[in-house]
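J.: Annotations per TrEMBL:
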{"type": "BINDING", "residues": "Tyr15, Gly42, Lys109, Tyr132, Asn188, Asn288, Arg384", "note": "substrate binding site"}
{"type": "BINDING", "residues": "Tyr72, Ala108, Lys109, Tyr132, Asn188, Tyr219, Ser247, Phe248, Ser249, Arg258, Asn288", "note": "pyridoxal 5'-phosphate binding site"}
{"type": "DOMAIN", "residues": "35-401", "note": "domain 'Aminotransferase class I/classII large'"}
{"type": "MOD_RES", "residues": "Lys250", "note": "N6-(pyridoxal phosphate)lysine"}
Amino acid sequence: MFKINENYLKLPGSYLFSTIGKKVAAYSSANPDKSIIRLGIGDVTQPLAPAIIEALHKAVDEMGKKETFHGYAPDLGYEFLRNAIVKGDYESRGADIKADEIFVSDGAKCDSSNIQEIFGSDNKIAVCDPVYPVYVDSNVMAGRTGEYNKETETWSKVIYMPCTKENNFTPELPKETPDMIYLCYPNNPTGSTITKDELQKWVDYANKVGAVIIYDAAYEAYISEDNVPHTIYECEGARTCAIELRSFSKNAGFTGVRLGFTVIPKELKCGEVSLHAMWARRHGTKYNGAPYIVQRAGEAVYSEAGEQQLKEQVAYYMNNAKTIREGLISAGYEAFGGINAPYVWLKTPDKMTSWEFFDYLLEQANIVGTPGSGFGPSGEGYFRLTGFGSHEATVEAMERIKRL
Ligand code: MLT
């Protein structure tokens, strides 16, 4: 009889956003007359910007002509997109990243779960708690996390770095030395961020202890304050310890289009072995590249018109985040985030657990959010709302909450 990967059996429950989806579907079919406002999963609601639509149309037409048709994309992505990324995301920040250090993919969720494949199965991971569940679950699947403790909802071999209001949602350097450190800034789910000096401490630490940082910067476009780094490569020494993950989902509304990239500097090595070469080998073997059409759409994100239109789109979502944050505060809640990130993180009232508050909000106000405990044990007693809804729905949600 064949054997299965038994690590999968260790995973508790279903993926967070699938669980929420099922609960909401059940509520909605039992209460078809209710108008539900969805501020749960961080999915965008605004249409693609005109510059992107134009690029998509043009690329579709090219695919219809023999002379301009494109088959398999190059392994690492088309030069035109990688050059645009370097110019738009790195050179402009004074970060030394070259086009051949960029690996274009179909999104940061896949990259953030796949990247662990190139590391040894006995490496120890450190994660912020709460955390985007993909980092932990993908390591569970790979057998890197030890045993699950139902009581504490933690894995025996994972180093958890609590991020709560007591430490201003900033993790401390762990006491036990990790091999792989996952950081996400601006942070999902807490909406907090990190200063350049604080991030430099992590880079120095990783270089000192020989750890690799997997830095998820999917929400970079939402940074509004000056001392917040846009890429980890603004920090000195990051080229020898950090991998950066980026997405087009949140800055350009590509959640349904799919495009992202991973940066692996050539100096990042384990002894003599280059992680860049390993990821290139993995990419070449397991992946045939994001579609030409989509990569042309990605290029348009960096065009003058694209940049301007997307700035407005980000401002639209950030105005929602502000509406949520201020609405919650005026309704008497403690609310965090929403300044450099599209997420607002709130403390649940009256000692309700995160899931109790989820049910309460769904049943009493017909609003869907995300329970903080779904992101890790330190998320218990917190709740996440996103600024990605429409403005009208966001305003209406705040009115409902105030009336509760
Ligand atoms: C979230 O809601 O945390 C995000 O939508 C998840 C994701 O981007 O995959």
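Placed from the backbone N, Cα and C atoms, the Cβ positions cover glycine too.
Unlike curated entries, TrEMBL annotations are predicted automatically.
Values in this document were obtained by computation on a predicted structure and should not be read as measured data.
Show me how these features fit into the structure around them.
T.: If you take the C-beta of Gly42 (substrate binding site) and look for same-chain residues 6 or more apart in sequence within under 8 angstroms, you find Asn188, Lys250, Pro342, Tyr343, Thr386, Phe388.
Note on Ser247 (pyridoxal 5'-phosphate binding site): other Cβ atoms within 10 Å of its Cβ, all shown chains, come to 25.
Other Cβ atoms within 10 Å of the Cβ of Lys250 (N6-(pyridoxal phosphate)lysine) number 26 in total over all chains.
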J.: What number of additional C-beta atoms lies within 10 angstroms of the C-beta atom of Arg384 (substrate binding site)?
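T.: Neighbour count, Cβ to Cβ under the 10 Å cut-off: 26.
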J.: Might you list, by sequence position, any residue in that chain lying six or more from Tyr15 (substrate binding site) with a Cβ less than 8 Å away from its Cβ?
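T.: Expected: Pro133, Asp137.
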J.: Just jot down the residues in the same chain as Tyr132 (substrate binding site), at least 6 apart in sequence, with C-beta under 8 A of its C-beta; none if empty.
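T.: Ser112, Cys184, Asn188, Pro189, Asp216, Phe375 - these are the non-local Cβ neighbours of Tyr132 (substrate binding site), listed in sequence order.
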J.: Given a 10 Å Cβ-Cβ cut-off, pick out the one of the binding-site residues Asn188, Ser249, Asn288 that has the most other Cβ atoms nearby.
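T.: The residue with the densest Cβ neighbourhood is Asn188.
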J.: To see if you understand the setup: which same-chain residues, six or more apart in sequence, place their Cβ under 8 Å from that of Lys109 (substrate binding site)?
T.: Val134, Ser247, Gly260
J.: Any of the recorded positions Tyr15, Gly42, Lys109, Asn188, Lys250 with a C-beta atom under 6 A from ligand 1? Give them in order, or none.
T.: Gly42, Lys109, Asn188
